[in-house]
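As recorded in TrEMBL, the features of this protein are as follows:
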DOMAIN    227-472  domain 'Protein kinase'
BINDING   258  ATP binding site
Ligand SMILES: Nc1ncnc2c1ncn2[C@@H]1O[C@H](COP(=O)(O)OP(=O)(O)OP(=O)(O)O)[C@@H](O)[C@H]1O
């Protein structure tokens, strides 16, 4: 939140209670050392600071492992059958019962849980790579013994791609990896309508949906002069995201462009490109949910063709220089490359990068998330299926209330100065007029292999819940 915009008006009664006022202290109503609300994921703690033997020199601050911090949270907190959080479970590694000192500190039950430890070579290569990207992490103790590799919570697919690329160079003898299929190759789009099962949408139907007869010229459709203050704000495994102010009168909102390469034969960011059918459910879902409070608001979807415009390439480069990109340089696309472009309203920063000003603000943000999901579920049997905090955007608002319409009933929630938006429907599922749109995840093995955070256990738990239903 921007503190300069007078956000202190949102300070709430909970926060006042946390002020160390003497009379309440004396009455024992408050404790002096209460930790103020802070949107840390309490199931895990970034343990880069607590890895024993990891000196500041050898341990880049951004290289961290996400793992239950037992010193802080208590040893039994996650000791439950439903969610056995592991330090590492990635395909291609040898299972070993080897233990080392740092491991004992961090994970009291690794033998039972079957910690999988990569070889020194594997981890060295991986470590070098992850130091550059800051997105996936490894840790070693003082004697350079390997203690584990985990994926950071959030955008797991990108982290996994990077990890996989590194693995391939190190483990090219591994049969499992040789037979690995890319996500898109395995994942089918399904549009289920009663007994009809359709897997394909034609190019012409797709263009029609975009109100086009054929793809537009990328350079002309998104030329530099139509856009002000353009910059790259994010990236996903499937594309790049740019923010800009439209250079036209009457346009109040900043927009973002999510640009996804499609139908091409070259791999991008370690993934096969999606085809029209594979991207179809995401488009339909985005359009349908757009009118519901709390979901991404879409202006337009279009298909464009051609080389990546130079002004976007420059912005891509700037982002890469400043923040480091995990994606491939967009200069790799040729004249015949097709892209689907989603034009969405700018909806703020993702929750992992926002610090709530007070406890009430986080409480009402949670209420907004719950109500958004409730309305989506009621109206379209919507399931997000990838709702980590990187997919929840938060923007400040001057509105006092946020209104939801649940089953024809108006529900009004205090905003406390924040407006939430749920994004990224790549794995989502929706039913419209008895037709169900989703990508079949049942063959997407990678989705169910990662670990290191509760987020990854959830994918497996979700699959277990649905084990008798295929596809899902
Ligand atoms: N409407 C929006 N407003 C502001 N930022 C956005 C918006 N949509 C996307 N972003 C930013 O772009 C990033 C990538 O977007 P998104 O998650 O939709 O991409 P993706 O390619 O589907 O990602 P994934 O790798 O999870 O499949 C988000 O994390 C967010 O930072």
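In case you wondered, yes, glycine gets a Cβ from its N, Cα and C as well.
Over the domain 'Protein kinase' (227-472) the predicted model carries a mean pLDDT of 93.
The number of other CB atoms found within 10 A of the CB of the residue listed as 'ATP binding site', across every protein chain shown, is 25. DSSP assigns residue 258 (ATP binding site) to a strand in the three-state reduction.
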